[in-house]
């Protein structure tokens, strides 16, 4: 589920950026082929770039055999890959996911000493927690300026139901090659575990000012709140009941 969420965020950001570009720009001269080419450049190009930079850093670490290089290579890979992806108009999030996966392979992990791996896990765990706290703090401050649009309360229930239905369809289609009878418990866990978080709100906040933003932003806050509070707090009980 963690791996799925990483790729979901990356692909979602790419699709969101392309959609906003079409909605806010002059779409009269943009063809379907250009949209597909832009998506492939950002998504596939970002994945290829991440694989390349991850492989290069793995080779560097494997040849140097230095504790400081082992530790600094990972943050350097993250910042360098994202900056290069941005300069090449590729997806930074997808590039980082693939670069991280490259470093997490057996070949990559064997290139880093065990004490360095322990230090890196602690560093990235702390960084992840700190950035999440900062993100939700900024989101909380933005709530003070959010004014609910007309019909938001009624629309909230509809959006929550639609999000669960969409999540269910995407999961079921993904596991169709498997036997659904055997996978039904896994499907239920994946559907209920599809939480929305800071990325959803951050993207909603990046919408251009206007009536659409004033309607979508409160809805997004409420859906995220429902998934975190209701789905998140009951996830443990649901999993235990299904696998009891």
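Glycine residues also receive a Cβ, built from the backbone N, Cα and C atoms like all the rest.
On a predicted model such as this, the values are computed, not experimentally measured, just so you know.
Taken from TrEMBL, the feature domain 'Cation/H+ exchanger transmembrane' applies to 2-239.
Annotated transmembrane segment per TrEMBL: 6-27 (among others), in sequence order.
Per TrEMBL, transmembrane segment is recorded for 39-61 (among others).
According to TrEMBL, the transmembrane segment annotation covers 81-102 (among others).
According to TrEMBL, the feature transmembrane segment maps to 123-144 (among others).
The transmembrane segment annotation in TrEMBL covers 150-175 (among others). Counting residues 6+ beyond its ends, the transmembrane segment (150-175) has Cβ neighbours under 8 Å at 183, 186-187, 190-191, 194, 196, 215, 218-219, 222-223, 226-227 in the same chain.
Sequence annotations record features per position, and here TrEMBL assigns transmembrane segment to 187-209 (among others). Proximity of distant same-chain residues to the transmembrane segment (187-209), defined by a Cβ-Cβ separation under 8 Å and at least 6 residues beyond the stretch ends, is recorded for 1, 4, 9, 12-13, 16, 20, 24, 132, 135-136, 139, 142, 163-164, 167-168, 171-172, 175, 180, 216-217, 220-221, 223-224, 227-228, 231-232, 234-235, 238-239, 242.
Taken from TrEMBL, the feature transmembrane segment applies to 215-234 (among others).
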